[in-house]
Structures are given as C-alpha cells and as structure tokens.
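Trainee: Once you've had a glance at the structure underneath, I'll fire off some questions.
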Amino acid sequence: MSAIQQNVEAASAKYSESFTKGHLALPPAKKYLVLTCMDARIDPAQAFGIELGDAHVIRNAGASAVDALRSIVISEQLLGTTEIVLVKHTGCGMLTFKNEDAFGIVEKNLGAEAAEELRKHSPDLLPFPELEKAVEEDVAFLKKSKAVPESVTISGWVYEVETGKTRRVV
C-alpha cells in the first residue's frame, strides 16, 4: 500500500470516529452548486463557506462549464439545485497551454495511441488565455444552454490563490 493510500485509510478512520452527519439528505440543503477547478490550492468548503450537505461541488480542470454540464444537469434536474456559482482562479494551469501543446506532450510521453484516444474522447481540452473572459464565456454558455433552465441563478467569480479572496466577475 502506498503512503498516499495509508494516509487515506488513517484519515478515514479518524474522521469516522466523530462523524455525525450520516442523516443528511441526498439533495443539497441550500439548493446550489459550485463549479470550481480541481486545483489543489482551492478548498471549496473553506473558501466559499460550504458546510457538509449544503451544496454540490463539481471540480474539473479549469472549472469548465462545458465539461461539467452532465453533472450540472443531474444536480438540477434530479436533485433540485437552483443556483450555480462558477469559480475559476488565478494561476490556473489552463492558462498555460493550447490544445496541441497538451496533445503533443501526451504523444511524447505515452505514445500516438494515447494521444489519439484523448483526441477521440476530448478533442478540446478547453484551455483559455484570459481568466475573466473565460468566466464570462462559461456563464454565457450556461445561460444560453437549453439544458439549464432560465430560472437558474448563475454567477461567475475568480478565486485568488495568492490571497484567498474571491471576487465576482459576472
């Protein structure tokens, strides 16, 4: 067992000793979801004031609304959420490359078959060159989507990894 797996096991044992939230309902109590990046420097619960059971948290590379649409629809249509808080962040890795850069690295490191498989399943890795513009574009995508009801409240934010502050963009 790796050191990481040992840590998961130990942390789980410690956490479960005092766990008292097993009664929480499946739908999020506050009926909202947060879409943010998978970046390890973001702790959504702490940074955005989310208590266990309050909200769904969807994380992916770059907090992409396009990539998260499946989960957003499930959250809204099957579990009753009515608001989306989209949060991208400063220093995001998605600002640092273009699709062909990433496909080239995959091909170099893993071979042509791996690069083709990635292209087949993810032809656009959804990088973006401008942070605030990407927030605006993702919010616009969600607002225009037929899969997201007009009644859903949608806002876009930027979390500053340098300061821990979150500021509204749209």
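Just so it is clear, glycine is given a Cβ too, placed from its N, Cα and C backbone atoms.
Below are the features listed in TrEMBL for this protein:
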BINDING   Cys37, Asp39, His89, Cys92  Zn(2+) binding site
Trainee: Near His89 (Zn(2+) binding site), which residues of its chain come within a Cβ-Cβ distance under 8 Å, counting only those 6 or more away in sequence?
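Mentor: Same-chain residues close to His89 (Zn(2+) binding site) (Cβ under 8 Å, separated by 6 or more) are Thr36, Cys37, Asp39, Arg41, Ile42, Ala63, Leu131, Val158, Tyr159, Glu160, Val161.
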Trainee: Cβ within 8 angstroms of the Cβ centroid of Cys37, Asp39, His89, Cys92: which residues besides those meet this for the Zn(2+) site?
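Mentor: Everything else in range on the chain: Thr36, Met38, Arg41, Ile42, Gly62, Ala63, Lys88, Thr90, Gly91, Gly93, Met94, Tyr159, Val161.
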Trainee: Would you count the other CB atoms within 10 A of the CB of Cys37 (Zn(2+) binding site), including those on all shown protein chains?
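Mentor: Counting Cβ neighbours of Cys37 (Zn(2+) binding site) within 10 Å gives 23.
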Trainee: Would you count the other CB atoms within 10 A of the CB of Cys92 (Zn(2+) binding site), including those on all shown protein chains?
Mentor: 22
